[in-house]
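The structure under discussion appears below in the form of structure tokens.
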């Protein structure tokens, strides 16, 4: 196995920069850079880092050596903690590149080596990637649960039950003259039935984990000049959308990213929806607004209190569902006692974006819907499409299984099911999918 290195911390100005080296020559490289021969594992040393060829002092650094297998990768690992400057990073990288039999690591290669050395399964490796990319508390909680092995426990439990069925059936394939006892048949059928139900229910999760990973799309829609762009600016706490009294100012979708209650929200301000527009560009904007709302996870439909009754049309009300927040804006311009017909059919929030009236209720409603769609449950979720793909395949073969079929064919259905589950965690030969997973990591991880 080659020795690899990379800067594990971000490149640029910082308090500390961390360089990681992994492989059989790690300790030798550390000795070469410091001139010190003896290093006790897992003990930090304060050492001068000297470029071997030029004898130039690069930095005074903290260094540590991890002896295999007690390291992140399961190999000999060295970490060098220097001051975080671009100049030091460039000098360190160039110095390491000039040492023979050591090369720059590929993206995710340290984590890939850890997986290959049985430090964790593929789901935990993906959890580490999600942890690095997490931007909100809920994304962090999901990632840390996955990185800690919760998904591995679930999938391994299913796979163990499948292997038990295989072992029971293969015993009777080897002895075809023997009748399978009723107790064994009942055991196999009950286990099979339970697994079908568990995996079916698990797949029927409304993509909660994937939504949390990618972010919940929230579209703000409604007639022109209802305050949609002002609401977007309020939620983003900065002016990213142009606000004007002229109808049709917003022509295209304006997007922003927000953290509400720990949930990642992708906000989209859209063109005002009206029926009488003759402007071709505005018509395209309206079309995009409706399409955006139809594909959104959460919708805010916004009306102007002074023009509400005249601005309601089926293009707008047809978008309302259980994950929609209906807002009547500009309530400061009407009598508080005024009642609207739409309030008889839908729960509406009365607000004034301009005067900051009841805006906290909007945030709370968004958070409640997000929690309902992607909030935590006791069982960890499917977090990416790769898992879902293999689970669907597994369920398909599991559903095909029947003891009324030829026993060899029935056993093969269970074997393929177990193989699909194993492909998720990496307990089978999955070299063809490793590149796809680890290429999404950053260099140095």
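Yeah, the Cβs are placed from backbone N, Cα and C, and that goes for glycine too.
According to Swiss-Prot, the protein has these features:
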BINDING   20, 79, 119, 445  (6S)-5-formyl-5,6,7,8-tetrahydrofolate binding site
BINDING   225-230, 244-250, 269-272  GTP binding site
BINDING   225, 244, 246, 249  K(+) binding site
BINDING   229, 250  Mg(2+) binding site
DOMAIN    215-371  domain 'TrmE-type G'
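Residue 20 ((6S)-5-formyl-5,6,7,8-tetrahydrofolate binding site) sits 49 Å from residue 228 (GTP binding site), counting Cα to Cα. Of 79, 119, 271, all annotated as binding-site residues, the residue with the shortest Cα distance to residue 229 (Mg(2+) binding site) is 271. Following the DSSP three-state reduction, the secondary structure of residue 119 ((6S)-5-formyl-5,6,7,8-tetrahydrofolate binding site) is coil. In the three-state DSSP reading, residue 20 ((6S)-5-formyl-5,6,7,8-tetrahydrofolate binding site) counts as strand. Rounded to a whole number, the distance between the Cα atoms of residue 119 ((6S)-5-formyl-5,6,7,8-tetrahydrofolate binding site) and residue 271 (GTP binding site) is 51 Å. Looking at residue 225 (GTP binding site) and residue 79 ((6S)-5-formyl-5,6,7,8-tetrahydrofolate binding site), their Cα atoms lie 58 Å from each other. Secondary structure at residue 228 (GTP binding site), as computed by DSSP, is helix.
Sequence-distant contacts (6 or more apart, same chain, Cβ under 8 Å) of residue 79 ((6S)-5-formyl-5,6,7,8-tetrahydrofolate binding site) comprise 8, 18, 19, 20, 21, 63, 64, 66. Taking the Cα atom of each, residue 119 ((6S)-5-formyl-5,6,7,8-tetrahydrofolate binding site) and residue 228 (GTP binding site) are about 50 angstrom apart. The Cβ of 119 has fewer other Cβ atoms within 10 Å than any other of the binding-site residues 20, 119, 228.
In the structure as shown, the Cβ atom of residue 229 (Mg(2+) binding site) sits within 10 Å of 23 other Cβ atoms.
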